[in-house]
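Quick notes on the structure that follows.
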Amino acid sequence: MAVNNCVKYLLFFFNLLFWISGCIILGVAIYLKVNKDGHSIATEALPGVDLMIAIGVIILVLGFLGCCGAIRENRCMLLLFFISLLIIFILLVAAGIVGAVGESKVQDLLKKHLEDKFVPLSDKSESVKQDLENLQRELKCCGLFKGPADWTKIPDSCRCNATEPDCSSSKLYSTNCYDKSVEWMRNNLEVVLGIAFAIAILLIFGMVMAMMLYCQIGRKDGATTA
C-alpha cells in the first residue's frame, strides 16, 4: 500500500515554511537582543525578546522533525512532531485562559516587579532615565507609577500643551506610563488574539497532516510484512 504523496509533500512544505518562519523569528529576536538601542524599562515590562528566541528555537526543531519525518516517512519523527504540536496547542489554550481569568493578578505581579527594579527613579542610571523619557514622549505620559511624583526633577518630556487631553492644569501629563502601556496592550488585544487563533489553526492543520501520514505509513508497513 503506497503512501499518499499529496499528504507527504504537503506536510513537508508546511514544515519547511514552519522552519523558515522559525529562522526569521530567531533572527529578529537575536537582533533585538543585541541591539544597543533597546530600552531596559520596556524589556522588563515586556520580556518578549527572550520568549521570541525560545519560540524560534522550538519552531526550528519542530520544523526539522516534521520535514525529516515526512520526506523519510519516519513514524518516530512524525509521532514526536505530533506530540510536540499537541503540547504547544495545550499550552497556548492554557495561556489564553490564564490571561483572560488572571489578567489583574498578572498586572499586579508585573507592577511589583517594576517598582522593585526601577523605583525610585532618582537612584537609577542615566540610561534608565533616558529610556523612561523616550517612553514618555512616545506614549505622552509622565513617571512610571506615581506620575510626576516619580521624578525628583521633572524632565521636559513630562510637559505638555494645555490643549492635550491628558494634560493637567500644571501642564504636565497626568497619566503614568505603566497605565498607558496597559491601555495600549488592551487596545491591541484583538490583534494578539487573532495571531493566537491563526497559530492554533496552523497547529491543528500540522497535527492532522502528521497523523494522516503516520497512519498511512503504518498501513503500508503492515501490508508489506503481511
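Numbering starts at 1 and runs along the chain as displayed.
Just so you know, glycine gets a Cβ as well, placed from its N, Cα and C.
The disulfide bond feature in TrEMBL is assigned to Cys141-Cys177, Cys142-Cys160. The transmembrane segment annotation in TrEMBL covers 9-31, 51-71, 78-101, 191-214.
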Same chain, 6+ residues apart, C-beta under 8 Å of the C-beta of Cys160 (disulfide bond), given in sequence order: Lys140, Asp166, Cys167, Lys171, Leu172, Tyr173
Cys142 (disulfide bond) versus Cys177 (disulfide bond) - Cα distance in angstrom: 6
Per-residue Cβ crowding (10 Å cut-off), top of disulfide-bonded residues Cys141, Cys142, Cys177: Cys142
Close approaches to the transmembrane segment (78-101) from elsewhere in its chain (Cβ under 8 angstroms; 6 or more beyond its ends): 15, 58, 62, 65-66, 69-70, 193, 196, 199-200, 203-204, 206-207, 210-211, 213-214, 217
Same-chain residues at least 6 beyond the ends of the transmembrane segment (9-31) whose Cβ lies under 8 Å from its Cβ atoms: 49-50, 52-53, 55-60, 62-67, 70-71, 81, 202, 205-206, 209-210, 213
